[in-house]
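Engineer: Dumping the structure here so I can ask a few things about it.
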Amino acid sequence: MRRLNLAKSTRSIYLSLACLSLALHLLLAFFCLSILQTACVLPPSSSTQDTDPVHHGSHPSPLDAGRPERKVQSSRPAGEDSFSGSEKKLTGGGRAAQEVKGRARLEALFRHPLYNLPRPPLQEDDWLLRVRTSEQTEDGEHEGYEEEEAISADSEWWSASEEEGYDKMDWTNDVDTHPPWLRFHLGITRWELYDRRDPNLDQLTHYLATQRILNAVQKTGGTQLKLLMSFPNHGQALLKPMKQSRQAETDVNLFYFSDFERHNAEIAAFHLDRLLGFHRVPPVVGRLINVTTEIREITTDHKLMKTFFTSPAGNVCFYGQCEYYCSTEHPVCGRPHLLEVSLAAMLPDLTLAPRRSWRSPWKRSYSRTKLAQWEKVPAYCDTVKQTPPYNRGTRLVDLIDMAVLDFLMSNMDRHHYETFEKFGNDTFLVHLDHGRAFGRHSQDEPSILAPLQQCCRIRRSTLLRLRLLSLPDSRLSDMMRASLAQDPLAAVAPLLSEPHLSALDRRLATVLQVVRTCQHQHQDVIYDDLGKYEEDQNQQPDGKNK
């Protein structure tokens, strides 16, 4: 009996100890959990409202780096929220990395042999303008004396040196004393407006984008508003203002001759011309200007001055005088003062370097009802080939180069082109006025390629560069994106929208298909401008091509 009572007492003790141990373990567990929870909770915000950094503009805590993002109900309407997924890749570090990669690929493209083909040695008469030497100054009978005298004494920039606000001219025969615009003029040759490898090209575009504007007057001629801007170093530039957003497409009901001119089209045309290896479009750069301090307050054009007004939204606007879209219904407005513009380097004054204007054989009728002759006669090119200056030299393939450029950027407004009179017919075509390009990305205009389709002729160097720009590593859209990213206005927004860039690739494929069709139908399609170059390469001492 005593033994039974002892066993019951032992079991009671063990049970009590077990319960006590369990209670202690539970207490310890609750204590540790409370410590860990306290360590993981962020300090409370001083505000009683939501502490989400989106609302308060504060930076997220480093502790949030590994956590899924908290979804916040946006107060913006649908469609006006922040960047889409594809746009996010183009912002911040991702965009910077892409620009670096694009620049590297662009530089690699320009290192390709097709962009470094040798030119024949330049002779004295292959330069448009030359600086007079001391010997020429002393020799009044020298052949070039009269022309150089005009450059020194009778040119517009020389007489302007006495006007208030202009820099003093200390120019000598040393090219380093010349401003960038003058070096550009002196660099024009029989074959191109500029050498892509010339460091002055970057200096010229930088000067256009940063130089103080001394005066602004409306340029006469043309159908839409253009201004002539003057700079203290006696340089000038042609300004075209922003008229519509980059995303806007030309109304399908508008005729090509009624379309707006676009500032970004002028900039993009310069970059595209350079990518095609032509170098026939004068340098153009984008700039953000103040319409009040850089136009209204400094202009000496009283007619332009009278067209300034303040819009109901408080923006400073003006409209000038021209044939189309110069009215209060179609003003150019700042936001409220700042305005995007394109600035194109001016060519030498016509008194120094006269130019001849040529009517394009494929000019459109500029009529709502009539068709041009080339639109009605499929064999129209046979007549052109027999007509000077298209019956000899490179004039016909030069014109087809221009047609390729126009088709890629959908420019239907090519009625004339120009050449420098000094070089006669043996020279390049100057590509001017591209404001109506890049109007529609969703539609191509095959008729722009009529010179290529009807003549079935193309330069070999042009064709090879087009093929190069169709390859994945040097795709035209990628090269254009990288090239345009170097323009100052790219910091505001891309100069060409992605649909416009994609359209370049689509149109390039169309050009190559037209050439293939021509090659199936004709024998003499390729104008071989590389034969002499390849022959010289094959005759190198080591017998190897570079």
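Backbone N, Cα and C atoms are what each Cβ position is placed from, and that goes for glycine too.
Note that TrEMBL annotation is computational and uncurated.
The region 'Disordered' annotation in TrEMBL covers 44-99, 135-157. Taken from TrEMBL, the feature compositional bias 'Acidic residues' applies to 136-151. If you look up TrEMBL, you'll see Gln224, Lys240, Glu261, Ala344, Ala345, Met346, Leu347, Glu418, Asp433 marked as ATP binding site. Annotation comment: TrEMBL describes Glu261, Asp433 as Mn(2+) binding site. What TrEMBL records for 308-523 is domain 'FAM20 C-terminal'. Residues or ranges marked as active site by TrEMBL: Asp413.
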Engineer: CB neighbours of Ala345 (ATP binding site) within 10 A?
Structural biologist: 24
Engineer: Return the residue, from the listed recorded positions Glu261, Asp413, Asp433, with the maximum count of other C-beta atoms within 10 angstroms of its C-beta.
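Structural biologist: Counting Cβ neighbours within 10 Å, the top one is Glu261.
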Engineer: Once the chains shown are all counted, how many other Cβ atoms turn up within 10 Å of the Cβ of Leu347 (ATP binding site)?
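Structural biologist: There are 20 of them.
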Engineer: What's the longest C-alpha separation between any two of Gln224, Lys240, Glu261, Ala344, Ala345, Met346, Leu347, Glu418, Asp433, the listed ATP-binding residues, in angstrom?
Structural biologist: 20
Engineer: Tell me the Cβ neighbour count for Gln224 (ATP binding site), meaning other Cβ atoms within 10 Å of its Cβ, over all protein chains shown.
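Structural biologist: For Gln224 (ATP binding site), the 10 Å Cβ neighbour count is 19.
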Engineer: How long is the line from the C-alpha of Asp433 (ATP binding site) to the C-alpha of Asp413 (active site), rounded to the nearest angstrom?
Structural biologist: 9
Engineer: Pop the Cα-Cα gap between Glu261 (ATP binding site) and Asp413 (active site) into the table, whole Å please.
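Structural biologist: Asp413 (active site) and Glu261 (ATP binding site) have their Cα atoms 10 Å apart.
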